[in-house]
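As recorded in Swiss-Prot, the features of this protein are as follows:
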BINDING   Asp9, Asp10, Ser40, Asn94  divalent metal cation binding site
Amino acid sequence: MKEILITNDDGFEALGIRALRNALKDIAKVTVVAPSSEKSACAHSITLTRPLRFIQLDDGFFKLDDATPSDCIYLALETMYKHKKPDLIISGINHGANLGEDITYSGTCGGAMEGTLQGVASMAISLLYKNDSIDKYGFDLACEISADIVKNIFENGFPLNGREFLNLNIPAVPKNEYKGLKIVPAGHQAYNTNAELHRNPRGLEYYWLGTPNIHYLKENDNECDLAVTFDGYASLTPIKLDMTAHHSINRLKSWI
């Protein structure tokens, strides 16, 4: 039987990871190793300044105390899968989309990156939400789409080369409004950052980083992950770990 290792950045109690585990249990042997608390926007960070401890919650279900998604994958592969790697690593289902440059912040994508670095086929899965869409529609559509892709991977092989992972984003729509799956590149966003200044009772200043106001120019980017996901499609994007701007190499040589 195929084996799948799952993590996330919303923590072990999140509805998304539990729904995904349940959706895949008849397809493969599923093991969950998730952070003990929410680690959104931790990117591909790993923990080097303190020890990490597995806590078993159920058969095949573990939380890693105060860990990041990348920690979870790193340590699971080093211990549970020391002698035989899983057939697939999935990070998700995230409560919120990871589109465009969100990928660079995303702990969900960070988990998939770690799996890719370790030579395992990996996928990040995220569900867009608008207002109360997750409360209204739940994770049924996301689980159905995810399960179909997993079956395809197991039947036909992982479609990407080494050092590449799949980034899947599901729209915030009910099943009857879902338009289908599109293979598209990552889009480009404009981030208007925000930080709120506060003072504690002793007058010391501190800041909360606010949620950035994000937008993109749809007329210039009609077939990107941002455009299609907000339009009711699921987007599937191949992401590579090589961040080199190859087209700028010669320009940089001439500049030096």
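Placement of Cβ uses the backbone N, Cα and C atoms for every residue, glycine included.
A quick note: this is a predicted structure, and the numbers were derived from the prediction, not measured.
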Give the sequence-ordered set of same-chain residues, not counting Asp9, Asp10, Ser40, Asn94, with Cβ within 8 Å of the centre of the Cβ atoms defining the divalent metal cation site.
Asn8, Gly11, Ala14, Glu38, Lys39, Pro69, His95, Gly96, Ser106, Gly107, Thr108
Which of Ser40, Asn94 (the binding-site residues) has the most other Cβ atoms within 10 Å?
Asn94
